[in-house]
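As recorded in TrEMBL, the features of this protein are as follows:
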| type | residues | note |
| --- | --- | --- |
| REPEAT | 95-137 | repeat 'WD' |
| REPEAT | 186-221 | repeat 'WD' |
| REPEAT | 245-286 | repeat 'WD' |
| REPEAT | 353-384 | repeat 'WD' |
| REGION | 393-419 | region 'Disordered' |
Amino acid sequence: MLGFLSARQAGLDHPLRLRRAESTRRVLGLELNKDRDVERIHGSGVNTLDIEPVEARYMLSGGSDGVIVLYDLENSSRQPYYTCKAVCSIGRNHPDVHKYSVETVQWYPHDTGMFTSSSFDKTLKVWDTNTLQTADVFNFEETVYSHHMSPVATKHCLVAVGTRGPKVQLCDLKSGSCSHILQVIFAGHRQEILAVSWSPRCEYVLATASADSRVKLWDVRRASGCLITLDQHNGKKSQAVESANTAHNGKVNGLCFTNDGLHLLTVGTDNRMRLWNSSSGENTLENYCSTEPLCMMRVYHISQVNYGKVCNDSRKGLKFTVSYGCSSEFVFVPYGSTIAVYTIYSGEQITMLKGHYKSVDCCVFQSNFQELYSGSRDCNILAWVPSLYEPVPDDDEPTTKSQLNPAFEDAWSSSDEEG
């Protein structure tokens, strides 16, 4: 740390290099915070979490009981031990409460005045945060598994919805009425859509994952729609092979883009997690690839990224997350009653976060303070924070480059943040 500070003071290093190194150190030191509780409101499992991107202060949770809770994560008491209190909740007595399990909650990407929720009761609801009343309700013929709003869209207000049917549906928030739902339906999957995610790089690119073992990338502006169907064999096997044009050998129930949008992570019930080049559709376990053009100056050399076995016994969508602002980014994946932490571009498992006593179904990363929140079937939400202390190396044993954790190796250059 002193070396980074000295280099920054002397003008030898860009300030962002210090920030990335410190963010990486904090993520590698994540541990269960015994001094911070999250108020327990849900009477059954917690399925989904989301932290608003504006202040990163308020968190939504949705549970199997149909209840939605809004938490304030800020420590206003300034005491070392505190509880993140529920600011408000949409409980069982609320007139607009979901009838069945809430599968996804998401803040409106541009302010905290609105959020959305979807449920097994076949509805997508748009909520006014201030009044906790529904501003709009979208009804579907099938059970809703997942929905997502683009974090970068400026030219559309589309919500992608995955249901028990094999069609991806887009709802336009600008219509303002259920009678004017825009439902652009893409055929292509053969079974239910378990996860959907918009690209953070292009506002018109949508990824969908299905129980038919397939993952597809769509351009919603195109009549044909589908851009790529991800193939775990990268086209090396005959089309007659049963696994041809499939991303996994089981249901695909989780999707997550890296924050730069250049790669897509998928998880399946075959107990595998795969990393894909979102431009070419290549499976990085099969082919060597680099993440960006040389002109972007941030190049990770990826060769056969293998995460090993990633236990996944979820029968519905699995919500996992990635870090942001680190020297080498990390992915946090529910793994039974624990959370597995991997470096994205090497596949190395860094640690397993243990604290829940039942299966974890969701987790969300808070990038401002490098904190992680997780929700489980044990009805609890746990906070994971960076350790305050780290081991001090012996002066007689200087750390060599070969002794460094690969996650600390910085692949960033100053032009990365430039337009």
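Cβ atoms are placed via backbone N, Cα and C, with glycine included.
Please treat TrEMBL annotations as automatic predictions, because they have not gone through curation.
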If one takes Cβ-Cβ under 8 Å and requires six or more residues beyond its ends, the residues near the repeat 'WD' (245-286) are 194-197, 199-202, 205, 207-215, 217, 228-234, 236, 239, 292, 302-307, 309-314, 316-322, 324, 329, 331, 333, 342, 344-345, 347
DSSP composition of the repeat 'WD' (245-286), residue counts helix/strand/coil, works out to 0 helix, 19 strand, 23 coil
The DSSP breakdown of the repeat 'WD' (95-137) into helix, strand and coil residues is 0 helix, 23 strand, 20 coil
Tertiary contacts of the repeat 'WD' (186-221), defined by C-beta under 8 angstroms and 6+ residue spacing from its ends, are 142, 145-156, 158, 160-168, 170, 227-230, 243, 245-257, 259-262, 264, 266, 268, 276, 278, 281, 316-318
Across the repeat 'WD' (186-221), DSSP yields 0 helix, 18 strand, 18 coil
